[in-house]
Amino acid sequence: MNLFGRNFLTLKDYTREEIEYLLDLAMKLKVDKKKGITGDRLKGKNIALLFEKPSTRTRCAFVVGARDEGGFPEYLGKDDIQLGHKESVADTARVLGRMFDGIEFRGFKHSTVEELAKYAGVPVWNGLTDEYHPTQILADLLTMREYFGKLEGLNFVYVGDGRNNMANSLMIGMTKLGVNMTILAPKSLHPSDELVNLCKGYANKSGAKLNISDDLNAVKGADVIYTDVWASMGEEDKAKERIELLRPYQVNKALMDKTGKDSTIFMHCLPAVKGYEVTEDIFESDKSVVFDEAENRMHTIKAVMVATLGREDDK
Ligand code: CP
Ligand code: NVA
């Protein structure tokens, strides 16, 4: 598998085999790191980390992942560079592409990361936009594979805002990898028909089922219950109306019990607003794997950088 030079903007652009390759590579890098072995697959590579929005996990995963393999990450926050204020995205991309070997972008418009990728001439990685959060999905898939020993045939239910970056990206990733996917959300927050139709195609190919529902009984048989914040970054003005709308969709003991399985695990990309999308007892329960997901952000993001930027003979 050769992903050298590729962008990583959404999982739509990656085949099932390519995603599985990235998960395998992440696992290998994780096992090595646990033994204290790091490498030089990114030796001498300068990596720009552009952030319009704040971040704990994604930023730290790129920094630690790059350093572990000999790379040099440089954080560029929203007030540090001219991007979008005094300089166009295309011009910024062409400047950074002359100096850096890879560019991560987290921000608002998905079109910004696409434009960076179009003009930079080096790999561009999406660290979250309003529409997609693909690196998070790799971490979630790796966590599920570690926990269940497989992905195909698992029943995955995402509960909450069914139109946000996490819902969109989880739907793509799960249907591509043969995981049965349910989006459980009030009708006004159901995913777009366009994306649902695209994911139906992925599901047909992988053998997965895709179900969009507003009925809480849809959690029956779930192996995984996943949720995310009710108001994403940039939607702070919607917080009040979302609380009203999404209160019945809180992940709590009653909802976990409705799965009818003792083995159902709880997942969340974090950061979490406890008492809203998830109750404290579920978040802290032994069924919660949220910190495994958080750790796996680093191993999977490292794999993305190594695969697209590292020396081919070193993978
Ligand atoms: N899950 C995630 O992307 O976390 P951060 O916003 O802290 O990067
Ligand atoms: N949907 C959330 C994800 C955070 C990782 C947000 O965009 O704020």
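From the backbone N, Cα and C atoms, a Cβ is placed for every residue, glycine too.
TrEMBL: automatically predicted annotations, no manual curation.
What you are looking at is a predicted structure, and each value in this text was computed from that prediction instead of being measured.
As annotated by TrEMBL, domain 'Aspartate/ornithine carbamoyltransferase carbamoyl-P binding' applies to 6-146.
Look at TrEMBL and you will find S55, T56, R57, T58, Q82, R106, H133, P134, T135, Q136, C269, L270, R297 tagged as carbamoyl phosphate binding site. Sequence-distant neighbours of T135 (carbamoyl phosphate binding site): residues of the same chain at least 6 apart with a C-beta under 8 Å from its C-beta are F8, T58, A61, W125, N126, G127, L128, R297, T300, I301, V304.
As annotated by TrEMBL, domain 'Aspartate/ornithine carbamoyltransferase Asp/Orn-binding' applies to 152-307. Here the domain 'Aspartate/ornithine carbamoyltransferase Asp/Orn-binding' (152-307) returns a mean pLDDT of 98 for the predicted model.
According to its DSSP assignment, D228 (L-ornithine binding site) is coil. The number of other CB atoms found within 10 A of the CB of D228 (L-ornithine binding site), across every protein chain shown, is 26. Marked as L-ornithine binding site by TrEMBL: N165, D228, S232, M233.
The distance from the Cα of H133 (carbamoyl phosphate binding site) to the Cα of N165 (L-ornithine binding site) comes to 6 Å.
By the criterion of other Cβ atoms within 10 Å of the residue's own Cβ, the least surrounded of the binding-site residues S55, Q82, S232 is Q82. Residues S55, R57, C269, taken from the binding-site residues S55, R57, T135, M233, C269, are distinguished by a CB atom under 6 angstroms from ligand 1. Distances between the Cα of S55 (carbamoyl phosphate binding site) and those of the binding-site residues N165, D228, S232, M233 are shortest for M233.
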